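What Swiss-Prot annotates here:
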BINDING   GLY151, VAL152, SER153, ARG154, SER155, SER156, LYS157, THR158  ADP binding site
Amino acid sequence: MNGSMRHIYLFSDATGETVERVLRAALSQFRDVEARIHRMSKIRTREDILSALEDVLKEPGIVIYTLVDAELAQLLRDEAEAHGLDALDLISSLLFKLSDFFGVAPQNEPGLLYELNTEYHKRIEAVDFTVKHDDGQDPRGLSKADFVLVGVSRSSKTPLSMYLAHKGYKVANVPLVKGIDPPAELFKVDQNKIVGLLIDPHRLLEIRSVRLKNLGQMSRGSYADYEKIEDELNYCRQLYRRNPQWLVIDVTKRSVEESAAEIIQKLCS
C-alpha cells in the first residue's frame, strides 16, 4: 500500500465538509500512506449518484457516504457493489441507533448536519469575538458587534456577554468609569444595539467586597465604598438618560439567562 496513491470518494447530500473532517481525523492515524480525497457534494437524486459514480470509475477507490435518504443510500450501495467498489455508510447505523433510543423516526432531511455544523461555527466565532472585545478591548470592533453592553465594574457585563456569545451573538462590553470618557467609537455605532446595565448599590457592594476578599485584599478603598458606588451608578444613569436609544436593564434580581432573554427579545424582534 505504501507508495501508491489511493482514492477516497466522499458522497454527501450537503457540502461534505463534516464527513471530510471525520475522514482526515481517521487518516491521521495512518503514516506513510497517500490518499486523494474527492468530495461529491449535494448528492440528492438518482442522477446525481450515477453521474458521480462515472467519475469514481475513472480512478476507482473506496466510497464513503452520508446520505440520509434511505433509497438513495441503497442505490449507491447497489451500484458500488455492481462495479466492485467498497462502500462505507457513516450515518445509517447512527440514525438507526438514535431512532431506537428516542423512539422516533429521523427526519431524513438532507443538509441538516451542515446546518448544525454552520450554527456551531457561528457560536465559535461569536465566542472568539466576545473574548477579544471584553472589558473595553479593541473599541474599533464595536461596529461589528451584535450587542454592546456597558456598565460599571462587576455589573455582570462579562458573564452576560459570554452567555449571549454561546447563543451565537457577537458581543462587546465597555466599562463605565466616572471621570473617564467612554471610547468615541461607542457613540458612532448603531445606538439601538447598546445595552446599559444597572444594579442595586447594596448588591454591587456585596459583590465587590467578596471579589476583594477572594483576591486577598483587606483594604476596600473606593472600589467597595458605598458612596463611591452610588456616584458610579448615578454617572451611569445620567449617561443612559442622555442616550435614550439605549436599552437599560437592571440586573439586580435577574439571572444572566433572564437578562439575555430580554436583550434578545427587545433588540432582535
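Using N, Cα and C of the backbone, Cβ positions are placed for all residues, glycine too.
In this structure, THR158 (ADP binding site) is part of a helix by DSSP. With all protein chains in the displayed structure included, the most crowded Cβ environment within 10 Å among the binding-site residues ARG154, LYS157 is that of LYS157. In sequence order, PRO175, LEU176, VAL177, LEU197, ILE199, LEU204, ILE229, GLU232, LEU233, CYS236 constitute the residues six or more apart from VAL152 (ADP binding site) in its chain with CB-CB distances below 8 Å. Annotated ADP site GLY151, VAL152, SER153, ARG154, SER155, SER156, LYS157, THR158; additional same-chain residues within 8 Å of its Cβ mean position, judged by their own Cβ, are ASN173, PRO175, LEU197, ILE199.
In the three-state DSSP scheme, GLY151 (ADP binding site) is classed as strand. Look at the Cβ of each of the binding-site residues SER153, SER156, THR158 and count the other Cβ atoms within 10 Å; the largest number goes with SER156. Of all Cβ atoms in the shown protein chains, 26 besides its own fall within 10 Å of the Cβ of GLY151 (ADP binding site). Note: SER155 (ADP binding site) has non-local neighbours LEU197, LEU198, ILE199, LEU204, VAL251, i.e. same-chain residues 6+ apart with C-beta under 8 A of its own C-beta.
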